[in-house]
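Heads up: the structure comes next, in structure tokens.
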Amino acid sequence: MNILLFGKTGQVGWELQRALAPLGNLIAFDVHSTDYCGDFSNPEGVAETVRSIRPDIIVNAAAHTAVDKAESEPEFAQLINATSVEAIAKAANEVGAWVIHYSTDYVFPGNGDMPWLETDATAPLNVYGETKLAGEKALQEYCAKHLIFRTSWVYAGKGNNFAKTMLRLAKEREELAVINDQFGAPTGAELLADCTAHAIRVALNKPDVAGLYHLVASGTTTWYDYAALVFEEARKAGIPLALNKLNAVPTTAYPTPARRPHNSRLNTEKFQQNFALVLPDWQVGVKRMLNELFTTTAI
């Protein structure tokens, strides 16, 4: 089985390289690949990659994820998040391939306090959400064999993440202010990759699982409580911090070009039932990531 992975060097793409390898022959690209086009600013190029390789499975971990930047470059965000996804969907349909694609809770308006269902009405607050929703719709229209996983608050041990930023600031400052009115579940790239690999195996044997799913860790937190956990674990590990006061503030304290949803909770019952998996609490993955961070690198 040939598996084509786009976006191999991103947070999720990096973990997918590990998780997908046992499933078959993994062919992975990113924007800099030269043998074939992996650059999503070239829709026809990535479609030609699909037609040339003729994979059984396509996993798309490439996206324009700079939420604030998307507000000032909506055409580019649309090109990456929707136009190229449509091109891949059409090419995948031609060669009979499955497409696994990642989307976001930002397709929702972010109000209320109930976890969003796959069937809830969408109403994006920003350009990023609009373009990701357009990508979803294109894939649904042009390639029946698809799995779309909406996720949120994604982190990974590789590269920058919220926890690393908080730890750096807590070493430099005695007081920090963190938002406490946005709710979601920090979800590890490791978890997304492992769930994706399992879902692919299920889909190959049960094609009727094709469709849209919500995929995040269990439980709910705020950025403030997330930060508090990071600092608690750091102190347990003997990491010296200058911080002595953590303040909770509303979203309005940090104005940004793109509006953020207050409610990023996603209901994952459909995913857990269809793929016979249990999604662990968000703290499990975060504590594991922090433990690796504390024991393998200088923060």
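Every residue gets a Cβ built from N, Cα and C, even glycine.
Swiss-Prot has this to say about the protein:
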type	residues	note
ACT_SITE	Y128	active site, proton donor/acceptor
BINDING	G10, Q11, V12, D30, D39, F40, A63, H64, T65, Y128, K132	NADH binding site
BINDING	Q11, V12, D39, F40, A63, H64, T65, Y102, Y128, K132	NADPH binding site
BINDING	T104, D105, W153	dTDP-beta-L-rhamnose binding site
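Taking Cβ-Cβ distances under 8 Å and a sequence separation of 6 or more, the neighbours of D105 (dTDP-beta-L-rhamnose binding site) in its chain are W116, R150, T151, S152, G184, V216, P261, S264, R265, L266. Ranking the recorded positions D39, T104, Y128 by Cα distance from Q11 (NADPH binding site) puts T104 first. Counting only residues at least six positions away in the same chain, the Cβ atoms of G184, A185, P186, T187, V216, S264 sit under 8 Å from the Cβ of W153 (dTDP-beta-L-rhamnose binding site). A separation of roughly 18 Å, to the nearest angstrom, links the Cα atoms of D39 (NADH binding site) and Y128 (active site, proton donor/acceptor). In the three-state DSSP assignment, the secondary structure recorded for D39 (NADH binding site) is coil. Taking the C-alpha positions, the distance from K132 (NADH binding site) to T104 (dTDP-beta-L-rhamnose binding site) comes to 7 Å.
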